[in-house]
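Below is one structure, written out as C-alpha cells; the observations come after it.
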Amino acid sequence: MRGLPPAAWAYVCGVAALAAGLIGTSSFARLDWTKLAVLALLFLICDSAPARLNVERARVSLSFAASLASVVLLGPAGAALLGLCALVTGQRFFAPVKRIFNGAQFALSGYIAGTVFELLGGHEFRRGEARWVEHVTGPFLGALVTFVLVNLSLMAGVLLLSRQAAPRELLHESGQLAIGCLGYGMVGLLIAGLWPRVGPLAAVLVLLPLFIARWALEQAHAQQQAHAATLAALCQAVETKDFYTRGHSERVSRGSVMIAQEIGMRADRVEAIRYAGMLHDVGKLGVPTKVLQKNGPMTEEEFAAIQLHPMRGLEIVREIGFLDEALAGIMHHHEKMNGRGYPMGLAGDEIPEFARVISVADAFDSMTSTRSYRPARSVEAAVQELRRGMGDHFDPAMVEAFLRALDRDGWEPPDPVVLPDDDVVETTQQDHDDPSAPLKVAGDEARR
Amino acid sequence: MRPRERAAWQTIDSGQLLLIATAGLFVIVAITQVAAVRLVQPDIAIIFGVLIALGELFRMVMPGNREVAPIASAGAIGYAMLVGVGPENAPPHAPLGVEAATHSPLQVVAVTAAGMVVGSLPHIAVGRSPRPDAMARRLFTVAVVALCFRPLVSLHLPWQLLLLLMGVVVVLSCCTDVVIAAMIRAEAVRVRFGIALRDEVDAKMALCAATSATAMLIAVATTAMGEAALLIFTVPILVTQFAFRRYAGIRATYLQTVRALSRVTEVGGYVEAGHSHRVSKLAVSMGRELGMSEEELLELEYAALMHDIGQLSLGDPIPGGATVLASPAEQRRIAELGAEVIKQTGVLDRVAHIVQLSSHPYRTGHEAAAPGGEADALVPRPVPPPLAGRIIKVANAYDDLVGDSADRDRGVAVLERLRLDSAAEYDPTVVEALSRVVDRRTRL
C-alpha cells in the first residue's frame, strides 16, 4: 500500500475520522457488553474463514451475519463497535492501512444500518413477543440493504481512488458481491431472532449448516478443478502421438471460449464449450496411425476413416452427462456452411451453434501451428484465410466475433515444434483441420 | 456405483424387506391412531407436512448412490421436537411463555409418512421409482426422535435442559440413520458391516450434522416465534442442500468423464472393446471383497479404468491389446507411461502410484526383477505394490485371458492358471477374492 495516491490517503483518513467521531460521540450506557463480546468473537471466527466467490479481489464472509445481528441486538452504537473488530481480523497479509480502513468502514456501515433500523421502527417490538418476525422483517431488510450499500460504496471508493480497479469492472463485480452479502446478512436476522431464547447457541445452530454448506461447496470446487485437470490431461494423452498437434485441443478450447464469450453465451454454455473444444478431436484416435501419417493422396477408404472421426469422438464422450449440447458441437465440428463438410453434410443454420464456434477456432489454430509440410502461418495470414472462408466454410458471425476477440485479447501461437533427434518420432503428413491445404484424396480433383 | 438397471423394488433383499414391512406397519398403526383421536393442532401439522413433502420432492442422491432428503428430514425431526407453537395464543404464565405443542409421537410419524408419500408422487409421475428402503430409513430416524422426545415435552423443562435433550436426541437419530443405512448397504453390496458402517459415517457425517442443527433450529424458532419462523429458518438447510447437490453432481460428472475417456484406448484399437470397464467392475468387486473402504474403492476404480492409458504413447498397439501377454519390461513401460499421464492431472497422484505399480509382480524379490539392464534393477528391493495395484494386476490378467466370453470353463481354466502363477506373479489372497467374485457372478 506504499504507493497510495494522496486522494486515497485523504479518503481513508476521512472515513476513519468519521467512524472515530461517531463512536466517540455516541453513548454506551445501555449497551450489553457481554452480548457484544460474544458477537465480536463470532465476527472474528467467521471472518477468519471467508468464502470464495467468483470475484477475485474480494471475499465475503459470514461475519456479515454477525454484523447484522448486532444491528438488531445492540443498536447503532453497538454495531459500530462490532465493526471495529475488523481491525484485528485474521488475515495476516493485510497492511495496517487496510486494517484501519476495513475497521472504519465496517463501523460506519454498522452505525448507519443501525440508525436506519431504528428509524424504520424495528426496535419498537420486543423480541420474543408475538409476531416479532413479521413486524421486524421490514425494518431489518431496510437496514440490511443500507449496510450492504454503504459497505460496497465505501469499498468502491477506496478502490477507485487508489486506481486498483476501473469503474466498469467494479460495477460488474459488485453485483455478485451484493448478492452474497445480502444472503449472509439475512442470516443475521435468524441469529437475532433466536438470541433472546437460547443466547449464543442461536449462532451455533444457524451457522453450523452454513459452514457445512461452505465446506461442501469448497469440496465441489476442488472436485471441479480436479475434473478439469483430469480432462485436460487425458486430452493431452490422446495428442502425444503426434508432435505437431500437441496443445491443439487446449488452444481450440481457448479459442472457442473467446468466441462464445464474444457472442454473449451464458456462463454454463461457455463452460460446456470449453470442454467441447478440448474434446473435439478425441475421435481422431480411432483413425489408424498410418492414415494420419500418410504422405500423398489418400484412398477413398482412408478419407472415409478421417471423415468418421467426429462420430468416433461422439461415441467416446456420449456418456458424459454434462456435455449435452457440446456433443453436437463435437460431432459436427467439420461441417461447412455450404453443406460440403462431414460427417452429415449439414448446411447453414442446420449446423449446431457449438459446432460453428469450434470449427473456426479449430481451423485457426491449425493454420497458426507448424505442420510437417509447412511452417506455421502468421496470425494475419490465418485471419485472411478465415475471411476467405466466411459464408462458404465458416459462419460469418462466428468469424467476426473471433476477430473482435482476437483484436482485444490477442493470440498466443504455439511454440515452433522442435523434433527430438531420434527416429521414433511420428508426424502427420496431412492435417484434416487445415482449410488452406485440403486433404488430398485420390481421384478427387474433379469433384473439388 | 452404476445406476441400477433393474427397478428398485426388484433388488430388495430380505433385510430391506423386513425394514420396509416394519415401517409400513408402523405407519398404518400411526395413521389409524391419529384418525381415531383426530389431528391435534392441524394447522401446524399441515405446515410441517407441506415442508416434508417439498423436502421429499427435492431429495437427492449423494455419492455412493445414497438417497437423502435433508430438508424433509430436518422438517420432520423439527416437528418431532416441537415444544410450543409460538407466543400468540399462550395462556398467561404458560411455561416458556408459549402455547404448548401437544401432538403425539404417532402423529409425527403419520404426518411424516403423509408428507413423504405426497412428495414422492411427482417422482412417480415422471417415472422415477421411489426407493422404499431409503424412505423407511428416514421414517425410522424421525420415529426415534418422536418416541424419545415427545414424552419429555409435558414435563415443562426449562430451555437449557430442553436444548440439551434435543442435542442428545438428534445424535441418537443420526446414529439410527447411519446404522440402518450401513445394514442395508452391507447386504446390498456384500461388505462386512464394520466397513459399511465406517463408510456411512464418512459419507454422512457432515450432512447429518447440518440436518440436525437445522432440525433444532426449526424446533426452537417455531416454538419461540410461531409458524412464520418456520419459513425463514429453513434457509440454512436450503443452502446446505444446494451445496451438497452441487458436490454430488460434480462427483458424478467426474466419474462419468473418467469412465468415458478410459474408452479412448478401445477406440484407438489398443485394447479389446469394454476391457477397461470390465476390469474396473471386477476390480471394485474384488476390492470390496477384500474390505477396502469406499474412498479406496474410488481410487481403485479410477486406476482400473485408466490402467491401460499408457498404451496411447506406444506407436503400435500390442497384438490383441492383452498386456498380460507382453513382456514384463513392456508391461512396466506401459504402466510408467500411464502413471505419467495420470500425474499430469496434478490431483490423482495416488491413482498414478497405483497404476505405476500395477504391473509389478507380487513377490518383488530378485527372481522377479526385470531382466536386462532395467533402470530399477539398481534399486535393491522395489516397494511391494499396494493392494489396489495387486488387484488391478489380477483383474487385468483375468480379463485379458477371458475377455467378454461368458464361457464358464474358460473362466475356471484362467483362474487355475492365475492360481498357479500366484505367490510369484499374483497375490494369492487377491486371486482367491477373484475366484469368489467370479463364482458369485456365474451363479447369478
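Residue numbering: from 1, along the chain as shown.
Cβ atoms here come from the backbone N, Cα and C positions, even for glycine.
Residues belonging to the domain 'HD-GYP' (A:223-418) score a mean pLDDT of 85 in the model. As annotated by TrEMBL, domain 'HD-GYP' applies to A:223-418.
Marked as region 'Disordered' by TrEMBL: A:412-448.
The transmembrane segment feature in TrEMBL is assigned to A:6-24 (among others).
The transmembrane segment annotation in TrEMBL covers A:65-88 (among others).
Annotation source TrEMBL lists transmembrane segment at A:100-120 (among others). Within the chain, the transmembrane segment (A:100-120) has long-range Cβ neighbours (under 8 A, six or more residues past its boundaries) at 12, 15-16, 18-20, 22-23, 26, 67-68, 70-72, 74-87, 89, 94, 138-140, 142-144, 146-147, 150-151, 154-155, 158.
With a cut-off of 8 Å between Cβ atoms, the residues of this chain six or more beyond the transmembrane segment (A:140-162) that come close are 1, 4-5, 7-8, 11-12, 15, 58, 64, 67-68, 71-72, 101, 105-106, 108-110, 112-114, 116-117, 120, 122, 170, 174, 177-178, 181-182, 185-186, 188-189, 192. Sequence annotations record features per position, and here TrEMBL assigns transmembrane segment to A:140-162 (among others).
For A:174-195 (among others), the entry in TrEMBL reads transmembrane segment.
Marked as transmembrane segment by TrEMBL: A:201-217 (among others).
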Tertiary contacts of the transmembrane segment (A:174-195) (same chain, 6+ residues out, Cβ under 8 Å): 35, 51, 53-55, 58, 60-62, 64-73, 127, 132-133, 136-137, 140, 144-145, 147-148, 151-152, 156, 202-203, 205-207, 210
